[in-house]
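Structure, as structure tokens:
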Amino acid sequence: MTIHVEGLVAIAVFYLLILFVGIWAAWKNKHSGEAEGTDRSETIMVGGRDIGLFVGGFTMTATWVGGGYINGTAEYVYLPDFGLAWAQAPFGYALSLVVGGLFFAKPMRSRGYVTMLDPFQQLYGKRMGGLLFIPALMGEIFWSAAILSALGATLSVVVDINIKMSVVISALIAIFYTLVGGLYSVAYTDVVQLFCIFVGLWISVPFALTNPAVSDITVTAVKEVYQSPWRGSVRKSDTWVWIDNFCLLMLGGIPWQVYFQRVLSASSATYAQVLSFLAAFGCLVMAVPSVLIGAIGASTDWNQTTYGPVPPREKEEADMILPIVLQHLCPPFVSFFGLGAVSAAVMSSADSSILSASSMFARNIYQLAFRQSASDREIVWVMRITIFIFGGLATVMALVTGTVYGLWYLSSDLVYVIIFPQLLSVLFVKGTNTYGSVAAYLFGLVLRIGGGEPYLRLPPFIYYPGWTTEKRMHPMTGEMEEIVIQKFPFKTISMLASFLGNVGFSYLAKYLFESGKISHKYDFLDAVVSKHSGEIMDKTTLVTRGNNIGLSEMASVKPRLSVTLAAAFTRRDTLPTETVEEEEESSPDSSHHDEE
């Protein structure tokens, strides 16, 4: 086995650069927020809420532009049966940032939440917040796994080591780096990350395009040369699948803690919106070299290269087409620079997802649900421990699942079907309650899992209209197996059913309890009748102790001392007076009291 020393040196240099920037950012901002009395744990999660446009624009763009993004886009452009028509991620995620900026960034930032789960626990209670944490966690784990899988594939090509070993090494580096600092370190390294990707790939593209083994990509886009045209097409029978997947990327890209962590760290609600729009443009720009590299891979006579006569797709290595093109179609010094830059860059995306998952667990599960009296130091240590645990889970997923793009789609599924309709309800639909939330959760989960998941070898138990079967080779075992393909847009239908279930069951429960058709004593979730009780309200109110926010389970206190749920989540020092008054008028709790 040949170890490419130059490639190893290039990777080491770029890794050291990322680590240096991360450590420098942590040191530079180690006292951030102390003057305002902000807890260290909150500073780690939302960076003191003072991220500006320049760093904020880079870090929000880097939220999506990582290993899964650049490798996955190149993979689908290269694959003969898919092509550019099926590389939906650049436009899908760019539109998700636009929609998120237009409708979701302002209400989330103006109400001063710390994590994405805060509004759910505020309105639906801590138990429901815990349930919603599960798909949110799975989404972050799958996303981290896609990043680590892509990085492992890149490393295995650069230094010619076993891909599993490279995934484990990459994960250890990412976990260590995440421990160095919080959001400040992540944000500053993201600036370096995007610069590395942009320079590294654009330096490599001209050399790959002019390689003698590569045909004119404008010709191979529309004519079959070495494989079917890389432009791709969508068959009529696959139209609904294409639409389903695009909606999944566009709307399923919104309800992620890794996105809202940036939104909530912005210095104002308006800045949060502008950052989203800047990131949407950045996503499209950063996808261009990946598309070109995928097209180059589809236009190459591999028999003329050092790779060998068998194309990557026939070796089940389509997911590694980007590092393969850089390695075999570019001069050594160019390919090592490009591969080293990409390796360092995609590694810094993993820390974002792992940090997001640990933030939600430490605040919404550990602190708000179980340990309301936990000290700030305790919360910080919980975050550090869970970084190791979640990093390990992501590593396992990266090792057992075959394709980068499969991990990528899968990471959005549960988030799209379960969390997006709940976020829509909690922010924009008055009157929803915990009963509706539970029903929505079950509807989305059963309908989505019922459709099966080929990447996890999970057979369906709901056969939607138009289903068919086809034989595929399992990426890990190499065995041929028959799998069920759902042609029906069941993911989007599951999401809509979840949303309608939330609204319908919420209003049904409200009607049954308030009309007396069901006795008030059966309101066991304290979601309708008991919600208006002063005694119960004081037991479940989020109270503020300094800047700490916890769910109090104390005995009843005088009503004049209680704090409304909406107010407890609002950092009033960051808002103008008019905004505070508007939010109080539109808060879920004020609407409940108005109804009384």
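Any Cβ shown, glycine's included, is placed from N, Cα and C.
Features of the protein shown, as given by TrEMBL:
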type: TRANSMEM; residues: 7-27; note: transmembrane segment
type: TRANSMEM; residues: 85-105; note: transmembrane segment
type: TRANSMEM; residues: 131-159; note: transmembrane segment
type: TRANSMEM; residues: 165-184; note: transmembrane segment
type: TRANSMEM; residues: 191-209; note: transmembrane segment
type: TRANSMEM; residues: 239-259; note: transmembrane segment
type: TRANSMEM; residues: 271-296; note: transmembrane segment
type: TRANSMEM; residues: 333-358; note: transmembrane segment
type: TRANSMEM; residues: 379-400; note: transmembrane segment
type: TRANSMEM; residues: 406-428; note: transmembrane segment
type: TRANSMEM; residues: 435-451; note: transmembrane segment
type: REGION; residues: 573-596; note: region 'Disordered'
Selection from 85-105, 165-184, 191-209, 239-259, 271-296, the stretch that has most Cβ pairs under 8 A to the transmembrane segment (7-27): 165-184
Contact between the transmembrane segment (165-184) and the transmembrane segment (131-159) (3 or more Cβ pairs under 8 Å, separation 6+): yes
Interface-richest range of 85-105, 191-209, 239-259, 379-400, 435-451 toward the transmembrane segment (131-159), CB pairs under 8 Å: 379-400
Other parts of the chain folded back onto the transmembrane segment (239-259), taken as Cβ under 8 Å at six or more residues beyond its ends: 60, 63-64, 85-86, 88-89, 91-93, 95-97, 99-100, 104, 115-117, 136, 139-140, 143, 352-353, 356-357, 359-360, 409, 412-413, 415-417, 419-420, 422-423, 466, 486-492, 495
